[in-house]
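Since the structure comes first, as structure tokens, the remarks are kept for the end.
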């Protein structure tokens, strides 16, 4: 067993000899620790605030109505909170350089599952890059520029590549400012939305909850009556997942490149939920207040919608000029999300390469520690965004949305299984009390979330099985990832004959723990010299 020996009496790991392959403390083999507290906090929340909130929320509103849009986001936020807690506990316990969620899966569950999960992550991040570029083209089309969409897509992809391949500090700084624009934008939108709701717009039309009465708070989906309302809620619950896909994992991916990880990661994880509650909870409510669900400009996949529901709401209120400012800010959001997910996908591929689960070529780095080969290969599938040239941008975006959502759900299922095995091993060896970061309601919250996400995965495209709604393209977008994942998983297992599940007494939760304890013990927390620094240290 890598990283230690096992005491046959009870399976306790008695000594630590070496780290697992590819995970080393040798400074020469490490990526640069260039991400500061403010970088990691804004990376976590910035990854969660993207086109899911600003663009695809309009498609959900169009499909299910305002109340079910809101409830769908609230339900998904509870799931994301559990996933973030799982990821944070494991990462903060061992914040080693080069770690990813597939690394933890290999260590605590099974090598074959880790192999399949790693390629699923890489695929998802790559498709999200294309999704965000597509969203950018949709947003730019709002201005009806004479420039073809493929030109805008090229510019978006080129900037993302440049920001990632220079140095991790450049990426972190760019993502900090990108995320800052997103946060300022969403806070401004919440205020504007409230003003419009209360009649403070130029037309002084007090909306209140008017659109909840006409055209209605609920919109039935594929059926009539209470069944139609439930299916609409379930659809909202499923589709809301796109807004959060892969965002909790950003904390794990950046954990090995973060300064003082056991001081900064808990801060990012602890603030994640209440930020989501403010940004997503309030936003999904206000969107349904300022825009009726039957507005033809909402993204639906059947028309040529080119606007965010926020921009539509501002236009309807008669506020001149602000719609252009907001559309520009949302465009930077798409840019930012693509930037963050290119970083994430490249680190997944890099980690797989050093763990011999991908060609060694992808482990090549620059002198500054940037995995350039992994970045280039992860960036390349972003060119799928050029499908806009032959299909409508709205339809392509919704296809990518579906592909990413189902892949993300599979990734979350693997995370929760990994966490449960990790926790079982700690409990078996009497080490639960050594967790440096503990979250509430565990492991019960994880079991509930695991059941719900599994059900969401299976029912992701349920509507395509209704004869009048059957569409082969929608079916493939909803389900193609599941058999692909199973083929990779079972193929690896048959070839390498790995056990179905690593026995609890063989799970290594010791290797690297002392080194990380020593590293984090050497951290000296900065002491503020005045009240300005005190406020800044609290924020960042």
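Quick reminder: no glycine exception, Cβ is built from N, Cα and C everywhere.
In TrEMBL, the transmembrane segment annotation falls on 67-87 of the listed ranges 67-87, 88-108. Per TrEMBL, the range carrying the annotation transmembrane segment out of 352-369, 370-387, 496-513 is 370-387. Checked against TrEMBL, the range among 122-143, 298-319 recorded as transmembrane segment is 122-143. Checking the ranges 272-291, 332-351 against TrEMBL, the transmembrane segment annotation falls on 272-291. Which of 149-171, 517-539 counts as transmembrane segment depends on TrEMBL, and there it is 149-171.
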